[in-house]
Ligand SMILES: [Mg+2]
């Protein structure tokens, strides 16, 4: 497999809108500008989906309960999310990206990787392309974006976060290893809160700490992620930009060797599926609005029952409540059940999170072009 040579590195840009939902609200309603703003949640209940920079100064963050947010910032304004508007802006954003490359991998409504190695628009440098995109976004959408420019996805993504808001950071080949050395371990791709805790218990806190471990030590403790961590801690990441692989739904199902007939057995089976699916939802850091229960009976008749909620399902408790409600409405069943499944769809990624697939750690192909950074 050909890897990027130092003379021929890939050019990746990670573009990330600044406080996306909140910025769109402030753009569309001048009375909200310059004010601490939370999108989603309320002073009494719910969870903040996004916070404006004015609110972040008070420590208000996404995924924080509205009650806590209001306590931290008594003047905090709450507005309802308008996902249709965010989706429309996201489509405009995609159109801007498409002027510069076909290789666009959306991570969420407001975030994407672009492989601009081929420089199809003839801009001349990757940094120039990033600046052109940011200028287009400012002029046409009246919003700001930050960008990371680098030779791989991992570093480009971390870099885009470094000079936020409205900033750019370029990390050239040769600078990547130093760049990731001081990075907290939890910033590494695939390291969720649980893995970060396990790392911490092993004395691994930074990129440099990961790099100090042998591959076999990493394999012993982090299994499938070991190889990736080993490379990433050296500034290497060979995942290629995969166009348009945004997920539409997340789900899971189980077929039973014996048909289930009793309420209690069905409830227990459902709890197991909730476990499986919720773990996937968490891993993908995804919010979704529609929960669908699928039931296949012993005679192979299949039915689905769905419920959509607004704001999206944010906690396991919400997901459990809706899922159980869908099942309870079908009880008692008149015939045995051979399959149960749950799906979360109408997905929204919370700000700063990714709809991504850990299976996406793949070797990238050879690079033909050589574009300046
Ligand atoms: Mg963003």
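The backbone N, Cα and C atoms fix where each Cβ goes, glycine too.
Annotated in TrEMBL:
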type	residues	note
ACT_SITE	111	active site
BINDING	16, 110	Mg(2+) binding site
DOMAIN	12-192	domain 'UmuC'
SITE	21	site 'Substrate discrimination'
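In this structure, 16, 110 are the recorded positions from 16, 21, 110 whose C-beta falls under 6 Å of some atom of ligand 1. DSSP gives residue 110 (Mg(2+) binding site) a coil state; it is part of no helix or strand. Cα to Cα, residue 16 (Mg(2+) binding site) and residue 111 (active site) are separated by 4 Å. For the domain 'UmuC' (12-192), the mean pLDDT of the prediction comes to 95. Comparing residue 110 (Mg(2+) binding site) with residue 21 (site 'Substrate discrimination'), their Cα atoms are 9 Å apart once rounded. DSSP assigns residue 16 (Mg(2+) binding site) to a strand. When Cβ neighbours within 10 Å are tallied across all protein chains shown, the highest count among the recorded positions 16, 21, 110, 111 belongs to 21. Residue 21 (site 'Substrate discrimination') sits 12 Å from residue 111 (active site), taking the CA atoms of both as reference points.
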